[in-house]
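Heads up, the thing below is written out as structure tokens.
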Amino acid sequence: QYLCAKHEERRVRANDREYNEKFQYASNCIMTSKYNIVTFLPVNLFEQFQEVANTYFLFLLILQLIPQISSLSWFTTIVPLALVLSITAVKDATDDYFRHKSDNQVNNRQSQVLIRGSLQNEKWMNVRVGDIIKLENNQFVAADLLLLSSSEPHGLCYIETAELDGESNMKVRQSVSVTSALGDPNNLALFDGEVVCEPPNNKLDRFCGTLYWRDKKYTLTNQNMLLRGCVLRNTEACYGLVIFAGPDTKLMQNSGRTKFKRTSIDRLMNTLVLWIFGFLVCMGVILAVGNAVWEREVGSLFQSYLPWDPPVDNFLFSAFLSFWSYVIILNTVVPISLYVSVEVIRLGHSYFINWDQQMFCSQCNTPAEARTTTLNEELGQVEYIFSDKTGTLTQNIMSFNKCSINGKTYGTDPLDFTPFNPLADPNFCFYDDTLLESVKVGDTHTHKFFRLLSLCHTVMSEEKSEGELFYKAQSPDEGALVTAARNFGFVFRSRTPGTITTTEMGRPVTYTLLAILDFNNIRKRMSVIVRNPEGRICLYCKGADTVLLERLHPCNQELMNITSDHLNEYAADGLRTLALAYRDLSEDEWEAWSESHRCADKAASCREDRLAAAYEQIEQDMMLLGATAIEDKLQEGVPETIAVLSLANIKIWVLTGDKQETAVNIGYSCKMLTDDMTEVFIISGHTVQSVRQELGSVCLSLSLFSLQCPPPSPPPPPSNLMDNISGEFALVINGHSLAHALEADMETEFVSTACACKAVICCRVTPLQKAQVVELIKKHKKAVTLAIGDGANDVSMIKSAHIGVGISGQEGIQAVLASDYSFSQFRFLQRLLLVHGRWSYLRMCRFLCYFFYKNFAFTMVHFWFGFFCGFSAQTVYDQYFITLYNIVYTSLPVLAMGIFDQDVPDQRSLEYPKLYEPGQLNLLFNKREFFICIAQGIYTSVVLFFVPCAVLSNATQSTGVPLADYQTFAVTTATTLVIVVSVQIALDTGFWTVINHVFVWGSLGLYFTIMFALHSQTLFKIFPNQFHFVGSAQSTLLQPVVWLTIALATAICIVPVLAFRFLKVDLKPQLSDTVRHTQLVRQKKRKPVGRSVGGAWRGVGRVSEGRLGTRGSRRSGYAFAHQEGFGELITSGKNMRLSSLALANFASRHSSSWIDTLRRKKHSHAHTPPSASGESSPPLYRLPLLFLAGE
Amino acid sequence: MVKEEQELANRPDNTAFTQQRLPAWQPMLSAGIVIPGFVLIGLAFIGIGVALFVTSRSIQVLEFDYTGVDQNSPCFKCSDPKVLNCVCNLNFSIDSLFKGTVFFYYGLSNYYQNFRKYGVSKDDVQLSGDLTNFKTPSDTCSPYAYDSNNQPIVPCGSIANSMFNDAFKLYQIINGTNTLVPFDGKGIAWWTDYNIKYRNPSITPLKNAFNNTVKPIFWSKPAYELDTSDPANNGFINQNFLVWMRRAALPNFRKLYGRINEGDYAQGLPAGNYSLEIAYNYPVLSFDGRKKVVFSNVSWMGGKNEFLGIAYLVIGSMCVFMSIVMLIVYAKFKFPEEDGVPGH
């Protein structure tokens, strides 16, 4: 490592362990665990004391050890501190144990290492840098390897990188040509090449290195690398040279600690704790001043009975000491148990999420999972949801749903294909047997329709055995179309660069593929030109209706109108439509065009434009065949969920990488966009100016409705101005426009505009932009954001949002790994937020309110007592009571409330989404509420001190013994305190389960039991020095006056609270009060539930059931992913496993041109840097790499 | 089959606990409970308040400050700390019979027995009769652990050192002759203090246990000679010592000195003239303290305590008042019980 750092490069020589050991590279043993048995205690303690709270309590402990200051025994602090530390330590230890276990499991995986010419099984941890290891199909890659050779032709091998980057598609890697020839282990054992490369880094898509072998240099790129964490697929075996091992691998370099998220309650809590510290210091100062005055006025005179201690020689020094003494006894206003209790409650809530059956998806057998246990209450405050589209809102399953052939529309009932066609895909379903009939009858148009679908595409097929066909489609839409054709009897079987073989109605047919006029964003269509076995040439074209219908032969007018109606109908159903057309070409036409095409292809400049022009030329006068409609299947319950969430005042933004049409389409089908909307704005400008202009005009339209739109120029408008706009608007913005809108000078305008809209859809956004949008809202709106997604491209967004949710049960796990919560269906989001989030927030707020209250009530009594005991930091209570108050006497009831409380049942919070609003407005726990709690606590403390004080000062027992002794006073106050706070928690608890009963009554019982035990003779006889209170409990609690005092103080504390709460519910009922009240009344009357309830929700249901009315605007989607197709690759034969044919055929003419294309494309929109092509590597082998990199 | 098992493994348990459906009582502050509740509490408090107030009224209390600040005060001559062994007489008369057992208290004001350092300045092990702590008193007793000759002080500490040492004798003046009214000083301390917390060393005579120790600096006689009349009332279980050691919670306090329940005075103090002979030893004026004596009888609820009764009456009335207010509010803004949930 030292050398590496010095030279900024790494040298690895194959099969030479001695040489490599010089550099002391990391071994392949990974260690994600933090501790071992020896280091656990010191390291863990060190980490824990980095927490401010823990250090603070340690500081207190040290203070307590100073006899002059110690107003409390040391154990009052050390017992809770030890408890807190040990709970945390146990948790850390458990976590680390599991890390150890998984480390061991990974480290002990077997791999085959080539040692001295023979393959030996070694554990992963024993693999060294420079070893050559053999991987077999479906094995995990053990370390970052340089691919040397593989069982596949050209040294190709396929890997799945899901664990690394979350992308579930397969990728191809290829070895350098010279090593791919090495082949078998014997040759590899002699391989002594040396790799010089960059030092370990975390860039997954980059590798720079050089292989020196036999006096030659070969450039190495990421295309030659197999990274740890990948899985080898579709490749029998391959050999690789270990370059980076263990912690140096890119996987481990990437597994950095994720950003620790805190909730707003957390931040508020920390602020409040700081304030409380301030308050504590103030109290300390007041009491210290009091002490100074007292010592001067009284204490100095009282010295005959109480001389000052030797170190205390004047009142100022005494006041100084008194300050610290008071800091010690008043420290319970910030109880150490607060943080632990909060964690326990959150953990409980997380378990409830994990346990929720209604968030369990039985199809994919995945329960919901709270991966972060510290964010639960924030789920009750979400205002913005940022959702990915594919895989989140939709299932990413395209189903061929409807079609229109020659003016007739098909698609209603399910069909069984198997008796008709043995090659059918069993998973395919279509709903109209009239179509099948017309295929069987031999309707020309229908046949042409499906023939087009079976020919005009760039799908690759793989036929493992007869009839077992697998299509590898670049986009699921294409796959759906080809599968449809397959099921209707036009089976695409295989292709070569020049041919397409199909089985048409059971008869094999081979077409000569003359040209592929590939798809791109501008053309929005693709065509193939084929020659059928009879020798007729035909152009088949499919594309977006908007572009295709313009290019039809005029005789199609009538059919076009009918088809157009059908297209409108499909679009209204939220389907993705395509129009299909064909054109018969004569031999002459083909020849002429072929020539012009070749010219265009060869052109050095503006090749693409010229090609497009050439394509344009031939795609004319086509005959319309019909249209297809593909359903981008929404996940279950998406529209309902979105409706419920927007009723809960949550704004939903869809951020998708898809193109605008697709995104808008989905927006409609999941009811984010509706036809009732006043206007849907679309921003798609490419320049700063045009974006600004578009944004300005949106603003203008908005202002027509509100007259409040801020001027587009600075100063930036307060964003809440636009919150109350009457109409419903939606905004659709494109990625390239978004890039401008996110710039500093426009972002405020963008935010205010976007937030005024009911729905916002950002399409074609990059992962980085997704995160930027989230950050923007976080920055400008101060609102809680939630991001939900399923893919690797959502990771950045998931990480930057306050709460990240991953859709689990899909293939990629990257999003889930980065997320805080995961479940498998988008619809579970409503339960997560409206039920669990709401409850968590409510419980946490009630918990905090009560917690601060009880500690102020407890602690402030000392403050009042200070004025009567010469500010001497004398505690009011027994020190054992102080130790146990927070951890035993009052902890469990409030924990039970914090974990189990419910104000309204779960189904009600789904029925009344408005119940969610208090969380968003942060009403239940904020600074105001905090001060109310504190005030109540202080009021209680006043009562707790002065009532016993007033009663007991003159009271005597019935035996004449005065009750005003210190111990009686202490016991009376403590008992009153415990009773008052128990009554208060009983009032606060709205949901009394058995557990609450046990805890509340149990705590009271425990208090009396422990007190009697501590005041018993037995304990005193053993430790006469420790238990001064012997007999106090008995003597005090037998006095009726004491009980009258307790009753009086309790009444004075509780009666105003009761009256206030009653009046509040009566005068200003919250929605939750009303719902709860109705619920209870109904329960009492035993009426069937659901008369007037749920109206709001049922409305939603109706919307989803009903079909959308006819729409003016047609949303046609060219059903392709927005990437350019495979056309050129297919014609070049690059991606086919053909031995000689391809090699012979792909002449430099073709290849050079498409390399350029791909390069340009990569420059324009891939984030990966262009792979450097090796100088010495022959072009033959370089080409596939480039194509695959583009993928 | 395997799939089903797997499903069982992943599916969360369907229990009332995990699904948060535990049966629960959901109380609500409805008018039907709160308003009658307030009335009931109010009435109960008023009832108790009246009882307390009446009882308290029936208790007789007689209080005299004898610090001697005022020049006319009989103990003025003793208030000068330089005067030693001063005795003063406090004469008073009782108009009617002081019923029942009369308790005699002494009281101190502006005296901080509740000061933290004062409170810890004792050695519980020593006081429980452990002889090892006779030789080496605990550090907490400092500066009253050892005297100037480094002899251990027993009992050590500020509390013991500052023990109240005025002595009282009550005489009834019948036709010019003083008849001693005996104070019963037994059983004035807590049972647990007398029997458990404080123990003399089990050495007889007690005096021997105190060998090589010195008496507290302010004391005039050693612990084993506190009560010359009753040998059992000496050492750490001397009743007055125990009473003193049970420190007061507040700076103004009184402590029981004795009961008057013997002989002619078993039914109370008859009307007449009395003279209280005070051996004035305890200086309080230096810190502006006050000394007083109190005669009082008790009821079931202890001594006179007007505050409790009045507080109960006030709180009870407030509850009733609040219930009326709430009733009015409730009648005016009736909770929408019949309307179901308002639209939203």
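Glycine residues also receive a Cβ, built from the backbone N, Cα and C atoms like all the rest.
Here is what TrEMBL records for this protein:
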| type | residues | note |
| --- | --- | --- |
| ACT_SITE | A:Asp388 | active site, 4-aspartylphosphate intermediate |
| BINDING | A:Asp388, A:Thr390, A:Asp790, A:Asp794 | Mg(2+) binding site |
| BINDING | A:Asp388, A:Lys389, A:Thr390, A:Glu478, A:Phe519, A:Lys542, A:Arg576, A:Thr656, A:Gly657, A:Asp658, A:Arg764, A:Lys770, A:Asn793, A:Asp794 | ATP binding site |
| DOMAIN | A:12-78 | domain 'P-type ATPase N-terminal' |
| DOMAIN | A:816-1069 | domain 'P-type ATPase C-terminal' |
| REGION | A:1157-1178 | region 'Disordered' |
| TRANSMEM | A:56-85 | transmembrane segment |
| TRANSMEM | A:272-294 | transmembrane segment |
| TRANSMEM | A:314-340 | transmembrane segment |
| TRANSMEM | A:847-868 | transmembrane segment |
| TRANSMEM | A:880-900 | transmembrane segment |
| TRANSMEM | A:930-954 | transmembrane segment |
| TRANSMEM | A:966-987 | transmembrane segment |
| TRANSMEM | A:999-1020 | transmembrane segment |
| TRANSMEM | A:1040-1063 | transmembrane segment |
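Taking Cβ pairs closer than 8 Å, the transmembrane segment (A:314-340) reaches residues 51, 53-54, 56-57, 60, 63-64, 66, 68-72, 77, 80-81, 83-84, 87-88, 269, 273, 276-277, 279-281, 283-285, 287-289, 291-293, 295-296, 299-300, 308, 851, 855-856, 858-860, 862-863, 866, 871-873, 875, 882, 885-887, 891 in its own chain, all 6 or more past its ends. In the three-state DSSP classification, A:Asp794 (Mg(2+) binding site) falls within a helix. Counting Cβ pairs closer than 8 Å and at least 6 residues apart in sequence, the transmembrane segment (A:880-900) and the transmembrane segment (A:56-85) reach three or more and so form a contact. In the structure shown, the C-beta of A:Asp794 has more C-beta neighbours within 10 angstroms than that of any other entry among the binding-site residues A:Asp790, A:Asp794. Highlighted: of the candidate stretches A:272-294, A:930-954, A:999-1020, A:1040-1063, A:1040-1063 has the greatest count of Cβ pairs under 8 Å to the transmembrane segment (A:966-987). Among the record's ATP binders, A:Asp388, A:Lys389, A:Thr390, A:Glu478, A:Phe519, A:Lys542, A:Arg576, A:Thr656, A:Gly657, A:Asp658, A:Arg764, A:Lys770, A:Asn793, A:Asp794, no two C-alpha atoms are more than 32 Å apart, and one pair sits at exactly that spread. Listed binding-site residues: A:Arg576, A:Arg764; maximum Cβ neighbour count within 10 Å falls on A:Arg576. Within 10 Å of the C-beta atom of A:Gly657 (ATP binding site) sit 23 other C-beta atoms, taking all shown protein chains into account. DSSP gives A:Asp388 (active site, 4-aspartylphosphate intermediate) a coil state; it is part of no helix or strand. When the domain 'P-type ATPase N-terminal' (A:12-78) is classified with DSSP, helix, strand and coil residues number 34 helix, 2 strand, 31 coil. Candidate binding-site residues: A:Phe519, A:Asn793. Fewest other C-beta atoms within 10 angstroms, A:Asn793.
The stretch from A:272-294, A:847-868, A:999-1020, A:1040-1063 with the most CB pairs below 8 A to the transmembrane segment (A:930-954) is A:847-868. Sequence-distant neighbours of the transmembrane segment (A:999-1020) (same chain, 6+ residues past either end, Cβ-Cβ under 8 Å): 878, 880-881, 884, 888-893, 895-896, 971, 974-975, 978-979, 982, 985-986, 989, 1026-1027, 1029-1034. Same-chain residues lying 6 or more positions outside the transmembrane segment (A:272-294) and placing a CB less than 8 Å from one of its CB atoms are 53, 315-316, 318-320, 322-324, 326-327, 330-331, 333-334, 338, 852, 863, 866-867, 870-873, 927, 930.
Regional average pLDDT for the domain 'P-type ATPase N-terminal' (A:12-78) in the model is 84.
For the recorded site, A:Gly657 (ATP binding site), the DSSP three-state label reads coil.
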